[in-house]
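Report on the following structure.
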Amino acid sequence: MSDMSALDTLWLLIAAMLVLIMQGGFLCLESGLTRSKNAINVALKNAFDLIVAAMLFWLFGFGIMFGAHEGLTLDTHWFIADFSKDEFWHASFFFFQLTFCATAATIVSGAIAERSRFVVYIIITALISLLLYPVFGHWVWSSAVNESPGWLEAMGFTDFAGSTVVHSVGGWVALAAVIVIGPRAGRFIRGQVQNIPGSNLPLAILGMLFFMIGWIGFNGGSTLAFTTAIAGIIVNTIIAAASGGITAILLSKTQQDNSQTTSLTINGTLAGLVAITAGCHVVSTPQAAMIGSLGALVMFLAEKQMHRMQLDDAISAVPVHLAAGIWGTLAVAIFGDLQLLDTGLSRAGQLQVQLLGIFTCALFIFPLSLTFLFLLNRYIPLRVSFEAEQQGLNVSEHGARTELSDLLSAMQTQERSGDLKQRVPVEPFTEVGQIASQYNRVIANLNRMVTRTRLIVRDMRDGVITFSSQGIVTSANPGAEILFGLPAHQLVGQPTEVLLHEQNKQTFTGTPPEHLFVTLASSQQPGPYEIVAKNNEGNPFTLEVTTTASPTEEGVQYSAMLRDISERKKMEARLHRHSELAQVTLEAITEAVVTCDAAYNIVYLNPMASELLGQTSEQAFGKPIDEIILIEDTEATQINITLCVRSIQINRLTPARSVYFC
């Protein structure tokens, strides 16, 4: 081995280690852009796909990708290879390609984050590592180890570091997975996109920086040798990333909602990196800037289209890796130096070959992935249950508890029990502990207010019930128990119509008994209302009902205050009978009788008074008594009757004729 070959191999190893940093970038990016209740699950997927990809790519993937296959006859030389006894360069190249394979698999993780089962993601990683990446990679890159190029490579298809081989492969699988698994709960409501904020944007930005460092090895290492072209490739890579990020920032200013500025900037930078990957070795630096900028624009448009189609990609992996990867592959033919490409094709011919490679990838990867995932979903559900998704995959998938998950669990337990005396655990000296402490203070204050309210309601002599919009009793106080002769637990759950007597049908015609309470509570007319209820023995009694309707987060809640007015109604009926008897008596007597109110305005004239005064009772009603009745003394001097009535010293009445009082 010459010094130069040793230097080449050393550069390849360094580049592979840089690419490995991208795994940390994926971990930080995806954990930061997803919710904290799923962060452990997301991080573990990123770590575990590297483990699975390493094993499976070593077993068969590397052999499929770089074996000298003849038709359907597989070259098994690199299956389960022992690199310790092979050339130094082969082991280094395997390590380098292993990181590429892991990158393709990791792309899927972010797209289906927060709702996919862990075991399903491992199966998807296995599919990519054993079949999809090795087979398509063989068609494009197999000449790196054996002398026979793949059929796409032989036609002149150029993908220097994997815009299509790595990023589009992962992107097509991610798109298929997003379609089959479906969106996260609450992501689309009535066709509108609901933003689901990430838990740690600084961590996501750190992931972006890891990507920029790792991409130096990703693109620079794809020379497979330590050459003079490396520096230019690295500069093109960084400039494309920078232009993509700047373009994304400018695009974010066109949006009304600026809450996505950070994530859009991150994804624009990554889209610039993905786009330059295919042709970083054959374009100038200004062209690299243009490719990166257009990559961010393509990513932005693809994300908008996915939202219109209600496809939920948790970290925009499909727009970044698939859409920008397709653009980057086309950019090779549009901007690439034909002499540096050295494929012998014209620019139009190169464009045709690049399009062929893009469509080949799409037609091979997407249908196969979609079919596989549809079939897999029939036997192994790809998605966790709704309850597990709400709880968070940290707990539901791995049983991993955090301070926040413990707090939420304690709060949910309290919600189910309704016990306001219960307190959540407080972890001192932490932010979550501060939240828990404040929550306990709020609950303690709420408990005091609820206790006071319960005491007031319990001690009320009037009955109080609450009921749902379906007319079902949901609670009853002791006053209601006394009214209906039933304990509260027997009243709760009963329809309100069982409390009503049949006499209400005559009063509230057109209103079904089961809807009467809800109708009264929803009425615009002010109460109270009088209804006829019945006790547990079926005996009727009259209630004065005052109803209210209160909107809550769970819908409208109704309440009714019930007062037994049976005795009052009996007294009113008795008084009415007495009044009728008095009326008959007054009309029958031969003396004139005039009644007036406290202001001495006429209220009633009996028939004799009407005859004497020359006015009917209706005509005189409300008039001052002084206008109707004139009094004269023996000297024919008028006297104010009001004063006479007050002093009870009336001697003689003289309207048109004389009237005397005794």
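Backbone N, Cα and C define each Cβ position, glycine as well.
Note that TrEMBL annotation is computational and uncurated.
Within the listed segments 263-279, 433-449, 620-636, 637-653, TrEMBL records transmembrane segment for the stretch 263-279.
Sequence-distant contacts of the transmembrane segment (50-68), counting only residues of its own chain at least 6 positions beyond either end whose CB sits under 8 Å from a CB of the stretch, comprise 23, 74-81, 94, 97-98, 101-102, 105-106, 122, 125-126, 128-131, 133-135, 137-138, 141-142, 144-148. Counting same-chain residues at least six beyond the ends of the transmembrane segment (224-251), those with a Cβ under 8 angstroms from any Cβ of the stretch are 4, 7-8, 10-12, 93, 96, 144, 212, 215-216, 218, 261, 264-273, 275-277, 280-281, 283, 285, 288-293, 295-297, 299-300. Within the chain carrying the transmembrane segment (160-181), a Cβ under 8 angstroms from the stretch's Cβ atoms is held by residues 100, 103-108, 110-112, 115-116, 124, 127-128, 132-133, 136-137, 140-141, 218-219, 222, 274-275, 277-282, 311-313, 317-318, 320-326, 328-329, 332, 357-358, 361-362, 365-366, 369-370, 373-374, 377, 382-383, all 6 or more beyond its ends. Mean pLDDT across the domain 'PAS' (449-508) comes to 80 in this model. Across the domain 'HAMP' (402-451), the DSSP tally of helix, strand and coil residues reads 36 helix, 0 strand, 14 coil. Recorded stretches compared: 88-111, 118-140, 355-376; the one with the most Cβ pairs under 8 Å to the transmembrane segment (314-335) is 88-111.
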